[in-house]
């Protein structure tokens, strides 16, 4: 049995940080040893520093870890550092970590739009990690020390959107028009205080700040290709694809539901059966690589009329599988369907873990 | 002061029937005297027959009315009969009432697709009632007795969809592409038992049987025009407009939220300001006619980012006004917006009352 | 028609302040002219200063009132000032207002426990306002200027608890043991941010800071009597009554449900029918005085097994009536029952309005 | 490794039956081979017969089992049969199974009040199973074939109530007064249709048919003792203990919260610390016997003010552990506390599994 890699978590007391800790308990590849948080928490035992709000109990291994400040020095033994930092702090801290030669997998939005930073949905575009590979290889060739790097996790609602698109694009060529209306879970907004109770009791909030723009922009990066020199991602242009998102917050704890419709560039489009078969047959690279958290079935195509439903379907493949239902022809574009993805798993911390597993499988850690 | 017209309600113990009763309490034009329900209820006092589940108390005037069976005879004094019948019964009973010379305003779906039956959203297409006028006039000319007729109330989610489209089509010409994703309230499903609690607690149900088809079809009738001979409605064709709906049930008591996007046939489209102005300036015919329940403001254009919200906005103009927010350009079609309408008011019983007020104002009762 | 008294509201932008404004729109006795809030809001039009979060729209009359700072000077024309101030500020400001000769009706907790400050549930113990009368009379006799005073509104959950006890104590003598388990609405916690959504979705929070102590203590003051010299309230002692409260926050917007049980000091206790009759027959003094907001029926005794329910019963008598259901014998104490009261009406701002109406009827304003 | 016992489930398509199936997947002692349901389902593959509504997927092993009718013949190989039958059918069918020599562990209420049928909360009173042991031994002595028997699972809300009482009674003697107000989860009402959504959205239903009586009665049986001749349970009398329950349905999916208070017969009562220690130190017999599903910690005493909460604490020890919080002195009785138990685990199907494990450990299967 191979030795586990030491890893750390930044922003460990926040909601994303708590999820990283849960997912790293008993992980076969990683051993979580360093927890970083604000100076208010630093020096305390984690169990005393955190207001633990998960439905699973705080794992024993983490209870007595003494919280560190978010300085690269404290994390120097870490093969990878998972960042659940708030965007107010992530910019500076993650850059410092990268410059100290550390590998950072971040849930923050700060570097997502840098073209030389891979923006990864691990069941969709792990091939963009080639940018990391190239950087490591270049350093090795140059005889430099192993360089640090940042990999960004996509926005949670983007993850669910692009998951079913990937196999379709691979099978049938580009999608040029795409609309998505989301019904997003509360956990995406954290819990301090997150969404006020009065806003979601007998109510819908038809707005999530910045979310629609993230979905529209990130889709173009994730579905884009690595440049020839392997140093950046070439974004799709408005000519390639136009994306329109409408985002709503609803009274659901976990699981983003998205009603999407889309048109293929190549006409006539594939048949309904071809579309479903393509979704069903898709095996993501992480599964092929045998990554621990990779879903057994990447995309679950449900045939019951009233599925997927968040309460019943969000935990398929421990949240790493995406559920698609009601695939049918669309009178305006080509097809429409309902997509359900677990926002804190494949859309946030869980994606970070799977990205790190892929990095490990590719020998990038 | 004019004498009130006697009216009746069919299906009086059901959820739609209960709403009719609430809305007819203290109505300036109508006096509700006859309540029809199943033979199990017939002969009982209404207060004893009904399982009253409204947030307002059962009005005193209705408590002691003895429930009748749904036979035309019992309703012969009624200037208009409001039907909240279940579709299992509405077909036969409403036809019998019509043949007995009664005016029926029905919430049931049975006759909505008959081209000679007006399908009315009262703040949108009261001009389709011309079919009724023509029928009455023809009978009068022929010296026949006053004929009965059926007018159908639209499906609740259709009402919210077409309300903002009407002024836009009037101002800027046809809309040829239209998509709508709905987040629909529980009250639309009634309460015996309606939607099970486990289906909407921490959950979304991405399916409402028949609903998407109703929205796609009814829109084409409501936005269509009365035929030259004034006896039928000419439906819009697929060439005129293509409509795509995705319907979801959510944990909201009242108020359907719809995220819609659309394209104008005439390009370039109007500006964003022109679109908003057209919505704001729209005065529905019922308001011009001075109908009691007509909204003071037909369409409320909200400028706050996070509105409309069901809990905060559904009761504008007592539920007869429709709220529109987040009007903005759409990367795929021309514009997108969020529409909120009160499903049991402008989308069901309330629409029936306003239709009857319009019929009265037009001297069709 | 009499001239309306000018009134003001402190803490006007907060949730209690907003409710005061709603309840004062079109009030027959009071004209709201002065709105006080923090210095951040002062100088702005109210419509611009407030984040209005009520289900009814901001009344027109209030929109253009320029917000004042909370200084007595700005309120000197006010016959009464309603305070919705946060307890962090209420202590100093309300005292300043009192010393400036103003009548303050406060929802804050700061002075509730002062024995010379009446703590009033207006449908229960308006006789405690005699302390105010005595103070005014004494000043008049002494030829002093009219003194200011503070009257406190009870805690919301206390209001529902004591309402049905008052007629029982009047009819059958003291209650010596009392237990109450509450299921309290979100609106009691305000909305900035109030209770986090994740805490009440598929959840109960079995704790509300300070609430149980308030219920146990305030009950002893409200059910106590004015001292012989009419300057203080004599609290009931632990020998008179022992009260035990258990408080829970639940996913309800408005309306506190309380499951209570109690024992009479005089044994044997009255019969079940006597208990119900006493509750039904109770007419609160505010009703006898003809106060505008007084309930037509103070206590509604519901006979259906499954009532009262917040959604269906909270608005009886516009929230000024209290609903009681499931009155039945209790195997441990004498009787148990379910009480529902509207927490923002009879338990907060609404109580303030009715208190002021009583003060007016008693010529204390 | 020992050979697994074959077991069956009656009422397999219902909500309790579905839970039995989930809990029996990969069970170390039992192999589920026979599924019984109504004649409508009989003959179909289980996956085709069931409307699966669990948050976990239908286990593979069960998908292809062909559903049997509920006849003893089909279950004759079963060491134990778990019954999730509706009470309309349970009476006849369970009696037939018992008479056919089968061991039945039933969630139905039909035989709970028979004094010779053990009514078991497995973490509380497994000693009542002595009645089964005695019956088996008597038959063995008499040389008869092994007799069938029925063991009943308690009502869900009773389970949570008695769990913390058991160690207290063992440590400090009888409890003579006991009150409980419950906030019960939807899953207790099943899902066809269960509680209507409109009843629990922004609402509380302060009534659950028969529930209060069950809690008050069952407590007296479960805390009673086996008779000297080991054939019946001697119930506690009203002189021993008086119990008062008030039951509410709330918008929680799983997990019953109960606010309880109680008085010890022996006065003065133990100290608060003694009470907590007794709860903490309690190790149920199932744990001592090493039963697979027995909780590691039978009662979790939580010290945070706002716990236990259903969403955060219901899954402790996979739902077999009960959480107790806010243990404090009670002004009316001796102590009060909040108890949270997982209603479908320790309060229903899960209890059945653990009872069977105890029966196995005691060699009664």
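The first residue you see is number 1, and the count goes up from there.
Using the three backbone atoms N, Cα and C, a Cβ is placed for every residue, glycine included.
Per TrEMBL, the feature domain 'Semialdehyde dehydrogenase NAD-binding' maps to D:6-132.
For residue D:156 (active site, acyl-thioester intermediate), the number of other Cβ atoms no farther than 10 Å from its own Cβ, over all displayed protein chains, is 27. Residues annotated as active site, acyl-thioester intermediate in TrEMBL: D:156.
What TrEMBL lists as active site, proton acceptor is D:256. In this structure, residue D:256 (active site, proton acceptor) is part of a beta strand by DSSP.
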Report the mean pLDDT of the predicted model across the domain 'Semialdehyde dehydrogenase NAD-binding' (D:6-132), rounded to a whole number.
-> 97
Please report the number of other Cβ atoms within 10 Å of the Cβ of residue D:256 (active site, proton acceptor).
-> 30
Which of the three DSSP states, helix, strand or coil, fits residue D:156 (active site, acyl-thioester intermediate)?
-> helix
May I ask for the distance between residue D:256 (active site, proton acceptor) and residue D:156 (active site, acyl-thioester intermediate), taken between their Cα atoms and rounded to an integer number of Å?
-> 8
Helix-strand-coil residue split for the domain 'Semialdehyde dehydrogenase NAD-binding' (D:6-132), DSSP-based | 42 helix, 27 strand, 58 coil
